[in-house]
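Remarks on the structure that follows.
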Amino acid sequence: MDSPLAESGIVGTAVGMSLRGYRPCVEMQFDGFVFPAFDQIINQMAKMHYRTHGLLKIPMVVRIPYGGGIGAVEHHSESPEAYFCHTPGLKVVACSNPNDAYWMIQQAIADDDPVIFFEPKRRYHDKGEVDETKPPMDLYKANTVRPGKHATLLTHGPTVKTCLQSAEAAAADGIELEVIDLRSLNPLDMDAIEDSVKRTGHAIVVHEAQRSFGLGAEIAARIQQDCFYHLEAPVMRVTGFDTPYPPSRLEEEFLPNLDRILDTVKEGDVVKVNDIIVEVETSKSLVELPAPWSGKVHKIMEPEGKEVEVGTPIIIIDDGSGDALPAAAAPKVDAKAAAPAAAAPAAGAAASGAGRPFNLPDPGEGLTEATITQWKVKEGDKVKVNDIIVEVETSKSLVELPSPWTGTIVKILEPVGKEVEVGSPIVMIDDGTAPASAASGDAGREANLVGYGALEGGTARRARRGRSSSAEASQAQMSAALSGTPQDAPALEEAHGEALPTSSAPVPVAAGGKVLAKPPVRKFAKDKGVDLAQVNPTGDGGVITRADVEAFLAGGASASSTSQPASVAAVVSTPFVSGLEAGREPIKGVRKVTAKAMVESAFTKPHVTEWVDVDVTATMDLLDKIKSRRDFRDVKVSPMAIFSKAVCIAMGRTPQINSSWDEAAQEIVFHGDVNLGFAAATPRGLMVPNDLVIAINDLVKVARDGKLQPADYSGGTFTITNVGVFGVDSGTPIINGNESAILVLGSITRKPWVVGTGEEERIEPRWVTTLGMSFDHRLIDGEQGSKFLRDVADIVESPELALLF
């Protein structure tokens, strides 16, 4: 029957009809129109049977056309199924194809309980055969619409077809995805879900509704609870976004699609060396990491959004050798094949000249050479993938380079102190394979780290709709990733420097061939490179415990351990002591670049230097108060923090200080942000890391360790240098890089100072320092420079002025 557009009245009438013995079936026309009927559905339809202790039944159905994909606006494209699944007393089902729609609506009407019946609007025009010759499936049972073995896709309604398309695309790469149409959302057919997930070890829930607190979260929680020991990876979700449904022009980006599902699965993609496979974000920048080998992605080990420690395996790539290996991990070597190589003396290997040349990798930042500062190994040493073998110094920082292969050091080709061009061979490593040259063009596996080894074409990203790739941008980000201390990739065979034990003893496993272990134990084993299939379980029901893994490590380590890499000595820069012994020190690395920059600055920028003596007693008193505060108790607080804040405040009054000179454009560039640099004395020369109390301490320490990243010492607008730590009163500093000025802090000492005025005038011992500043006279005139320096002095002399400036 037709009714007025009053959803609350429609449902309320149907509730009354069901109480009179009818089986009403009402339609909301659009999903968003159901909300006015919430009171009748939640408080009457769902609760009447419970409220009457089972005396009354509500055999009624509410049909809700739902979901997006039809070009409609909000209120016409919602996915509200979670609201009803959360309500006790309601049964919730969703059809996905013509055959199910035909049978399920009849079964829902025949049910004596109230049923919410979801119909996917964008599948209304799909056509299909309806089989009336055999009885339909149970209304509340899930249907496996496509079998598979690598991962389970759990979905319902409109996204069933999307998941089937994704499974078909994945199959072309050898990945078999099992697709389960849930059909019943409440109750859930957990038997079917558990059976599938326990076989595949992976689960991905796909639905159109928003992600947070949705049906996917409930399914993920139940899988975690019931399949805890069988999961090999976290349960993933591909859903709509946590926003209102967007305008029709954007709904394709909102709805789960083939690309988003495959980007979650990813396993099975074919990649070549240096194809971009993952984007990571460090505290400094976004970095795209390329594949170290050619092959097929076997398993994604860490989900998006997860913070991962350096050295943790993140992906397994099958390179066709028979072993699917974590990216940058050492390849497994057959024991029989490796025996002759192990028996051969290292000296013989060196004499034969066998081995693969390891070329000095490109550190990025446009650098073309590096100096060998220390070899961490000697000829004949055994090394594993990612063992540190050499330390080199670029003009930016010290960099430790890991071995790209497992094998024996055959010959060290370059001595300590030698400046080597990028791409030059520096060491020969015998990895048990045939000798290879850097130009061999081998298209097989190159067990290299990021940027090591031969390129197979340019760096490229797998094509994705709406995405473009830039080789230049990728190379720039890769260079940034390599220009500092390298991000060590994981070695599967590594366990705190010891080779892992192996065992051929059979291990009991659960039905279906899956080893049973809790996720923390799986992670511990993975970090140690232990194959759980080789560990004897002692836990209840054949579950492997952490103690089992530790016993495995302890019990077999001595039998299968290999030679340890040479001990790593502490890095000590060679001191230059004048007056004791004549000699020469090569100008290289940081000092070489610093010298060039200082000469260029001194002879291209018209320097003006001014000084002012300041009574900083109030600042020293303020520091004492700060140190006494609980939140600064464990922080080293120095005057530098107050001076830095004063500089930033004073720049707000004289913005010309925060500028730079653009020679090419003949323009003065005013910067929106203040980027302070702090000059730090290091054994390699004066470094200027830029970016207050914790930040200053951390940057200076990193600078002295020689591990600054490019982002730390580039892009500064103003530098502060503290010569007072050396007991010096002041100086005439040279402006750094393309900055406008540099402030020098002298020593803070107790000096006689005139205080008071008139009859109150007297001499007292006060904390006094000298501030000096050199500025570029092209950018800053005398008035501006003097005003800025006076403002800084006034703030550190009377810190309360900071509230007024």
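Glycine is treated like the rest: Cβ placed from N, Cα and C.
Annotations in TrEMBL come from automatic prediction, not curation.
TrEMBL annotations:
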| type | residues | note |
| --- | --- | --- |
| DOMAIN | 238-318 | domain 'Lipoyl-binding' |
| DOMAIN | 355-430 | domain 'Lipoyl-binding' |
| REGION | 459-506 | region 'Disordered' |
| COMPBIAS | 468-484 | compositional bias 'Low complexity' |
| DOMAIN | 516-553 | domain 'Peripheral subunit-binding (PSBD)' |
Tally of residues which DSSP labels helix, strand or coil - the domain 'Lipoyl-binding' (355-430): 0 helix, 39 strand, 37 coil
Helix, strand and coil residues within the domain 'Lipoyl-binding' (238-318) as assigned by DSSP: 15 helix, 26 strand, 40 coil
Secondary structure content, the domain 'Peripheral subunit-binding (PSBD)' (516-553) (per DSSP, counts of residues): 24 helix, 4 strand, 10 coil
Predicted model, mean pLDDT over the domain 'Lipoyl-binding' (355-430): 84
